[in-house]
Amino acid sequence: MMENRNNNNNRDKNPVKRFNKISIGLASPESILAESRGEVLKPETINYRTHKPERDGLFCERIFGPVKDFECACGKYKRIRYKGIVCDRCGVEVTEKKVRRDRVGHINLVVPIAHIWYFRSLPNKIGYILGLPSKKLDMIIYYERYVVIQAGIAQNAEGESIKRLDFLTEEEYLNILDTLPADNQYLDDFDPNKFVAKMGAECIMDLLARINLDELSYDLRHKANNETSKQRKTEALKRLQVVESFRESNKNRENRPEWMIMKVVPVIPPELRPLVPLDGGRFATSDLNDLYRRVIIRNNRLKRLMEIKAPEVILRNEKRMLQESVDSLFDNTRKASAVKTESNRPLKSLSDSLKGKQGRFRQNLLGKRVDYSARSVIVVGPELRLFECGIPKDMAAELYKPFVIRKLIERGIVKTVKSAKKIIDKKEPVVWDILENVIKGHPILLNRAPTLHRLGIQAFQPKLIEGKAIQLHPLVCTAFNADFDGDQMAVHLPLGPEAILEAQLLMLASHNILNPANGAPVTVPSQDMVLGLYYMTKERLTTEGHIILGQDLVFYSAEETNIALNEGRVELNARVKIRAKDFNEEGELVYKIIQTTAGRVLFNEVVPEAAGYINDVLTKKNLRDIIGKILAVTDVPTTAAFLDNIKDMGYKFAFKGGLSFSLGDIRIPEQKTQLIADARAQVEGISGNYNMGLITNNERYNQVIDIWTSANAQLTELAMKNIREDQQGFNSVYMMLDSGARGSKEQIRQLTGMRGLMAKPKKSTAGGGEIIENPILSNFKEGLSILEYFISTHGARKGLADTALKTADAGYLTRRLHDVSQDVIVNIEDCGTLRGVEVSALKKNEEIVESLGERILGRVVLQDVVNPLTNDILVHAGEQITEAIMKVIENSPVEKVEVRSPLVCEATKGICAKCYGRNLATGKMTQRGEAVGVIAAQSIGEPGTQLTLRTFHVGGVAGGISEESNILAKFAGRLEIEDLKTVKGEDGEGNLVDIVISRSTEMKLIDQKTGILLATNNIPYGSSIYVNDAQVVEKGDVICKWDPYNGVIVSEFTGKIAYEDLEQGQSFMVEIDEQTGFQEKVISEGRNKKLIPTLLVYGKNDELIRSYNLPVGAHLMVNDGEKIKAGKILVKIPRRSSKTGDITGGLPRITELLEARNPSNPAVVSEIDGVVSFGKIKRGNREIVIESKFGEIKKYLVKLSSQILVQENDFVRAGVPLSDGAITPDDILRIQGPAAVQQYLVNEIQEVYRLQGVKINDKHFEVVIRQMMRKVRVQDPGDTLFLEDQLIHTKDFIVENDKLYGMKVVEDSGDSSNLKAGQIITPRELRDENSLLKRTDKNLVIARDVITATATPVLQGITRASLQTKSFISAASFQETTKVLNEAAVAGKIDYLEGLKENVIVGHRIPAGTGMREYDHTIVGSKEEYNDLMVAKEEFNY
């Protein structure tokens, strides 16, 4: 064998092993020895004088290989010709030094040692298998107690027989030995009479070796099924899980519990724990060497002590120290007393080198540094084409060096590589010629960190430029999120022909015009370009003071207009007419006379004809739509050329227009002083009301905030109007704002109006951001006073602090999203599911937020969509909804469409193309191999960072609009009001009105002619209603009004008030207002939890008519004994003043939703439809009883401090909250089912992004939520092998149940010898067996039908879902590395390398796109090679 190995050339020595799965398991002592190259006997590393490795030490050359290439330790054999020879003097094999990176040694331990992972981490594997608690296990392992392994005939001091697993002190152990017969210790260990007790890991090894897993599994299953106590049942199930893991793992490979105890410790290769000489004769060493040294020193000392037969006490102490040193070698963080260096830093153990960002997985396997790369500062390249970038010459010469060298040799300019390098380094002119040729058709990749989505790396065709900076095309800046204030970019060079092809066809910048997150163009002109285009297409008319040349001229063609412009006969912004091609009603391109401006004529010269004549002012939003439209009607090259043209045009006209602004362009409205004076007067009026005690302090505060908010809004409107009308809208500031080039309404407001209300500094991040009620009245043009400036600084600094903190959060969110959805790949065309998701327009407060068309565009419909009026089929089942179909559906009365969705896709691996629908980056149907999971994660995560960075744009100014306090009819129509109960009462002005006292009043507004539902609203409890059921209303009529600042409780009856449990100082406090001296009674949470503050209403005959429970914080408006009329407000409950919302609230909200966390004070939700009644109070909770029509009763406990939203005798539906607070996703899943919770999550997350103006397509969230819901929890395992409460993949669950379908379970095997009770057989086998028994008159087999398992769907957070993927490699590289690996090893898991991450880690191509496994056998070649093969095929007929 040895000779053979020497003769083969180097390449065959390590052939690339092809593998398609990886399994993991516990290493047996034999397998460690088989891998090892020798035993490390000495703790020495290298000799301090010769600096050579010590023999048999931790760096020994005989074990690990030579330190120098092809040179043995003593120097007898040098050079490559002796390769493979083992030196007879020093025993070192002559080979390359790199073998020191992969040769492993070992240490033979004198006593077995328990592996820390299996007794210190939870769940405690050894403890669960033996059924011992962790504390007791530690007592055994660290040599504190003896444990009985086999009791034999032993008895304790009282003469009782002892049991297995009894713990004995040393004294008890010795006493028992004294009482035993002398020959007992000479019996065989497995003789039932022998008494065996041991301590330490060898005792555990013995116990584990004696365990019969099958029997233990049977016992535990029996226990789990028949145990009455909940605790013992869960205990049995937990143990069963570990036992089943071992049993399962033995199917694939041998995996024995006693291997959790080690007899041999492997020593990792020395190059992976190097010893580096520093200057000054000292050495820097890896921590692992210290840890190994401690193990070897203690092991050798123990060996010596045993040889000299030292006393037991000393041995035991040494064994315990050895156990501790092996513990810290494997995992130094788990121990209370970690081994530390002199500088008090814990040493890095083997586990630490796997964990975390600096660990093996994330540092070296998932992210590697690459060759052929460069980086430099970027500058703008306005004359580049969209697919080009400028690369400095020197950088290119270095990057393309090998290609240049090859050409130099080919041309015969040089003979050797070395001389070619010299020529390149000298930068001789011939090099540049060759370089120009080499880079043709050889693109490079540009990457800007942070790469948040796939547009962060794009391919460009390089152009050689002078200088040292990379030139970047201005239109791709948006995608890279780059600007030119010193950003740097990295350059990478694709080397192989396949890589070059992929870069050119898939990654070229001109192919990435659309954003994968929402399908809108991402290469959109911004800033100067938009401003220039806006300016050139804006219309200006002649006024007295300003005459526009050439107004209303008529031109025959664009050429004519051009001539007139150049000759100065017509101005750019003049209104003119022109004969040009545009679409008519039928959608055909024809010549017509169009009224337009000279600038627009110029612009339309570069617009492709297929797009018609664009006659609009170009704002950023318009441009985005135009680019999208042009891409849809033409192709990528046309669009790319168009983009380049408008880029040049934009810059040209921004320069020609000279658009900049001065202080004079910022116009402050004259009415400002008057507005502020009015607002101040109103505030004073409110303070007066407050001083007289008419309103509470909270109401006063809320109203003041409202007044200033609306004053500010009015002022902003005035300022905008001013600036809009200045110079016909040619005010530079207004143009920048209106075109979308820079600035926002908010910023204009702060420059010209007033800065407005500011948020109060928070003490903690969790605290509320209240609003300071005195606004900043100055604006930046006038300048701020010292106090105003001081208040402002808080907001500005908060913005910067938030940015720094939140970027990390957003990055972590992206990482979790990637991990959970990385293995979702489009694997098949159609999964054939019959399920879908019903989509309708998304409304908020009756405003349509997202129309039906927008939501279904690019989806595949599940069933035919039919127009309800005409019964025409608008789109057939299985068709994609294109823009054209979308318009048809929008114009029809269809309100709901059922579409395919990733949420319901039934593909076994990944997802199918039909359920996913359109690929947003191309606008066509998704192809197989598309990594949609990663794209979803990027699309959701990328704006996360943007959002976090967006808080500071308006330095802490409190946004918010005045609270709404009424409902107006949005359309004319007929009202239908359901569940309306009212009483007569007085409103704030003392007029008689109807007051609503029902909680679930709903109004529907119906079109009188068609009967179509136009709008629905809930009418709030306590509001004054001005209409009746079936009344016809006009648009704008007031339907109802309410107090926006307070929730109220209104009396339904006339009568007399009595207080119950209302004791001052206990259940309510009297708050005396310092300024007014007015007293208010406010309900507070007292110490006495039994008190339930209640108002009782008594009728005429002193009978109790009604009682009202009062929530904490309610203000009482009536006194004890007061006589009241129906409709009287009894209690006001102040609504919490509006907090300032920024995405700081947004990012944690998204995290909360995606992690499926339950909110801190969740609402109590009804699980059934029924009628409400109130029960007793238990431990500070009020009991709410709901009884359904069918007599089912459910009881709920609601905290007294939370507000109850239902009243006695209300009818509630399942899923309706009974108390205030957020509804938990778990409740929705439990009560309304998986579809409801999926919709809830999608809509809630979208809501957060929508507030920030970020558009993300629903399907990305659906992909992630699909991954969160891929598990079910077993409720009843039936006859399957599942365990109760076990989490399993839905697919596996269905497969197992399907296997059992139609089978039988033997209950009584009768006289059959083949079947046992509990066995699962087919009906056929049962029939055959029984017919055999019948013939011989024996007892027949009795069997019953199989009981299949039942399970409920589970919603897991993205972190949990990532850690529970099928792939242990992916999970380990995510979080909790040691825990994942230790569970995988026990279960002997197999990773089939199906996701992207695990393939990156093992160095395979990812199974997506061109790396899909079915293309593995495809050979890529040239056309000629193919033709040659074809000819051969015909000739030889194969």
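Here the Cβ of each residue, glycine as well, is placed from N, Cα and C on the backbone.
Remember, it's a predicted structure, so these values are computed and weren't measured experimentally.
Sequence-distant neighbours of CYS74 (Zn(2+) 1 binding site) (same chain, six or more apart, CB under 8 Å from its CB) are CYS87, ARG89, CYS90, VAL92, listed in sequence order. The feature Zn(2+) 1 binding site is assigned by Swiss-Prot to CYS72, CYS74, CYS87, CYS90, with sequence analysis given as support.
Long-range Cβ contacts of ASP483 (Mg(2+) binding site) within its own chain (separation 6+, distance under 8 Å): CYS477. According to its DSSP assignment, ASP483 (Mg(2+) binding site) is coil. The feature Mg(2+) binding site is assigned by Swiss-Prot to ASP483, ASP485, ASP487, with sequence analysis given as support.
Annotation comment: Swiss-Prot describes CYS831, CYS905, CYS912, CYS915 as Zn(2+) 2 binding site, evidence class sequence analysis. Sequence-distant neighbours of CYS905 (Zn(2+) 2 binding site): residues of the same chain at least 6 apart with a C-beta under 8 Å from its C-beta are CYS831, THR833, ILE911, CYS912, CYS915, TYR916, ARG1266.
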**Message:** Distance check, please: Cα of CYS72 (Zn(2+) 1 binding site) against Cα of ASP485 (Mg(2+) binding site), rounded to an integer number of angstrom.
**Reply:** 57
**Item:** DSSP three-state assignment (helix, strand or coil) for CYS915 (Zn(2+) 2 binding site)
**Value:** helix
**Message:** For the Mg(2+) site (ASP483, ASP485, ASP487), what does the 8 A shell look like? I mean other same-chain residues with CB within 8 A of the CB centroid.
**Reply:** ILE378, ALA482, PHE484, GLY486
**Message:** At 10 angstroms around each C-beta, which of the binding-site residues ASP485, ASP487 has the fewest other C-beta atoms nearby?
**Reply:** ASP485
**Prompt:** Which residues, same chain and not among CYS72, CYS74, CYS87, CYS90, have a CB within 8 angstroms of the centroid of the CB atoms at the recorded Zn(2+) 1 site?
**Reply:** GLU61, ALA73, GLY75, LYS76, TYR77, ASP88, ARG89, GLY91, VAL92
**Asked** Of all the binding-site residues here, CYS72, CYS90, CYS831, CYS915, which one's CB has the most other CB atoms within 10 A?
**Response** CYS915
**Zn(2+) 2 site shell beyond CYS831, CYS905, CYS912, CYS915, criterion: Cβ within 8 Å of Cβ centroid** = ILE828, ASP830, THR833, ARG900, PRO902, VAL904, GLU906, ALA907, ILE911, ALA913, LYS914, TYR916
**Prompt:** When a 10 Å sphere is centred on the Cβ of CYS87 (Zn(2+) 1 binding site), how many other Cβ atoms does it contain?
**Reply:** 20
**Prompt:** Per DSSP, CYS72 (Zn(2+) 1 binding site) is which: helix, strand or coil?
**Reply:** coil
